[in-house]
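Reviewing the structure listed below.
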Amino acid sequence: MSVRTRHVCFFLDYGALTLYSLGSAVAYSAYIFPEEWAGSAFHQSYVSFAVLNTIISTTLSCYSRFTEMGQLKFSKAIRTFAFAYPYVYNSVPLYYRLYLCTVRGCSEKAISMHYMHTAFAWLTCFLFVTHLPERLAPGRFDFIGHSHQLFHICGIIGTRFQMEALLVDMTERREQLLPYMPAPNFSQTIGPVLASTVVSLIIIAAFSMTLYTMPKFSRRGSKRKRK
């Protein structure tokens, strides 16, 4: 695989991750919001800002590939922010709901699953940033136990808990939230996903075209840099 093709594959990977983030926001808007915030101005604009976040996230994460060769730490910081910020934004209503549950006490079945998802989400971020355990014992975790392997495992487990929690909330909270929620419509469901997909593909195409105008991202350019 050429250097440029590798970067383009990462661009597509980043675009898919940002769409997953938007899908979470759409589901959270429908089933996760605490009753106190249902129908509020924040709730009504929640998905719209999530769309904006996907555009920012895709742009920053793709841009981070261009800074990777000369400024690895800066590139890592940009990429971490690009994916952490949408997660934090999406989770604001969930965190408030968990806070209310802690203060008031509640017996909702989904709460324990939300806690598990949250724990695995932050563990995933921790592994991505720290590169543990291979930093403590270089060479011993190259094939098994590498942080990137653990990162993906934790991400998958966290997503499983997230989906299970959403299914429970969808069943148990439907009647509770229905009086406060507008009927599902194109502008709050399929529309944002389609718009974000199109914009993300345009962003990815733009960065991909830029790669082919920069010699340093060619195989020859990379070899010269290493020499």
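Cβ from N, Cα, C; glycine included.
Taken from TrEMBL, the feature Zn(2+) binding site applies to H148, H152. For H148 (Zn(2+) binding site), the Cβ neighbour count at a 10 Å cut-off comes to 12, with all displayed protein chains included.
Annotated transmembrane segment per TrEMBL: 12-33 (among others), in sequence order.
Per TrEMBL, transmembrane segment is recorded for 45-66 (among others).
Per TrEMBL, transmembrane segment is recorded for 78-98 (among others). Outside the transmembrane segment (78-98), and at least 6 residues removed from its termini, the chain residues within Cβ reach (under 8 Å) are 14, 17-18, 21, 24-25, 28, 32-34, 37, 43, 46, 49-50, 53-54, 56-58, 60-61, 63-64, 67, 111, 114-115, 118, 121, 125, 128-129.
Residues annotated as transmembrane segment in TrEMBL: 110-129 (among others).
Here TrEMBL flags 190-214 (among others) as transmembrane segment.
Beyond the ends of the transmembrane segment (110-129), by six or more residues, the same chain brings 76, 80, 84, 87, 91, 94-95, 97-98, 101, 147-148, 150-151, 154-155, 157-159, 161-162, 164-166, 168-169, 172 to within a C-beta distance below 8 angstroms of the stretch. With a cut-off of 8 Å between Cβ atoms, the residues of this chain six or more beyond the transmembrane segment (12-33) that come close are 43, 46-47, 50-51, 53-54, 57-58, 61-62, 82-83, 86-87, 89-90, 93-94, 97, 162, 166, 169-170, 173-174, 177, 181, 184, 188-189, 192-193, 196-197, 200-201, 203-204. If you look at the transmembrane segment (190-214), the same-chain residues 6 or more away from its ends with a CB under 8 A from one of its CBs are 4, 7-8, 11-12, 14-15, 18-19, 22-23, 26, 47-48, 50-51, 54-55, 58-59, 62-63, 65-66, 221. Applying an 8 A CB threshold to same-chain residues 6 or more apart, the list for H152 (Zn(2+) binding site) is empty.
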